[in-house]
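Peer 1: Here it is, the structure, as structure tokens.
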Amino acid sequence: MSKSAFVAIVGRPSAGKSTLLNTLCGEKISIVTPLPQTTRNKVRGILTESRGQLVFVDTPGFHDSQRKFNLHMRDLVSGALEETDMVLYVIDATRSPGQEEQALAQLLTQEDHPVITVLNKSDAPPAPGWEDFFATFRDSNAPGLSISAATGQGIEALKDLLFESAPEGDPMYPEEYYTDQDPSFRISEIIREQAMLRNRDEIPHSLYVEVADLEEDPDTNLLWIRAFIVVERESQKGIVVGKGGTQIKAIRQTAQKEIARLFPQKIHLDLRVKASPKWRNKDALLRRLIR
Ligand SMILES: Nc1nc2c(ncn2[C@@H]2O[C@H](COP(=O)(O)OP(=O)(O)OP(=O)(O)O)[C@@H](O)[C@H]2O)c(=O)[nH]1
């Protein structure tokens, strides 16, 4: 009988959840940047092997704060836990445990589902404090495993553990699927990754990407995409566009290349910047962005 499970990946911002999802599934599913809280949506990656199927839900980094934006993200984490069979708890071993980690660990001790805890970034020197942390925490959860999502170290052992702990069941998705995201979402995530990487110091979290139009021309085998990078303030538009448009051009070119790797068609990306004041406090928009 084969195994089948929904697995929620949880952890503090920048713990390496998206990198781990990509390493486990062998495809670039979730965007990865060095900035915390890059992941805003539940993203599914699917790993199918002869021993079964694991469907991963990549949750936003857990953040213990009252801001509206963070509250939405926290609801999303709790929601993701309800829908899953197992939890993969990712810890960044290079950062000492703090209050946030305690809060998350506490939340997970109340979990009915199996929790598999991994110490990530084992390729880098560990921070102090983890031994004490585990003395109070590890007993109530699954054994810890040292891994590196970046180098792949410990990933096979982790897969073994995940499949062993998964309940029996039939696959939920066809074998060839590795994600169930819709195309415009994947396109917007690729553009957002590039925009964030290139605006690191100035406006990291105050931008989102809207795919306004997707048109396919079967005669020329061209996929035409119009997308907007939306910033909070008029004054931020110039930063994203860059001197003489060099920055937006670079974002467009790199994103277009990345998108072309996912689709069989030739890609034309028309990319523009616009301002939508205070988008982060608008409830309706947040609900649409954080699905
Ligand atoms: N050295 C090292 N760096 C890693 C490893 N895994 C992830 N990183 C880096 O850690 C940073 C954050 O990685 P992400 O995968 O985006 O982290 P995340 O937990 O999904 O972050 P959020 O989206 O903010 O919740 C990136 O710069 C990664 O390259 C690892 O195993 N070793």
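Here the Cβ of each residue, glycine as well, is placed from N, Cα and C on the backbone.
Just so you know, TrEMBL annotations are computer predictions that nobody has curated.
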Peer 1: Region 'G2' per TrEMBL sits at which of 37-41, 97-101, 167-171?
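Peer 2: Feature region 'G2' in TrEMBL: residues 37-41.
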Peer 1: Between the candidate ranges 120-123, 180-183, 232-235, 280-283, where does TrEMBL place the region 'G4' annotation?
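Peer 2: The range carrying the region 'G4' annotation in TrEMBL is 120-123.
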Peer 1: By DSSP, what is the split of the region 'G1' (11-18) into helix, strand and coil residues?
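Peer 2: Counting residues by DSSP class gives 2 helix, 1 strand, 5 coil.
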Peer 1: When you tally the Cβ atoms that lie within 10 Å of each candidate's Cβ, which of the binding-site residues (Gly11, Ser14, Ser122) has the highest tally?
Peer 2: Gly11
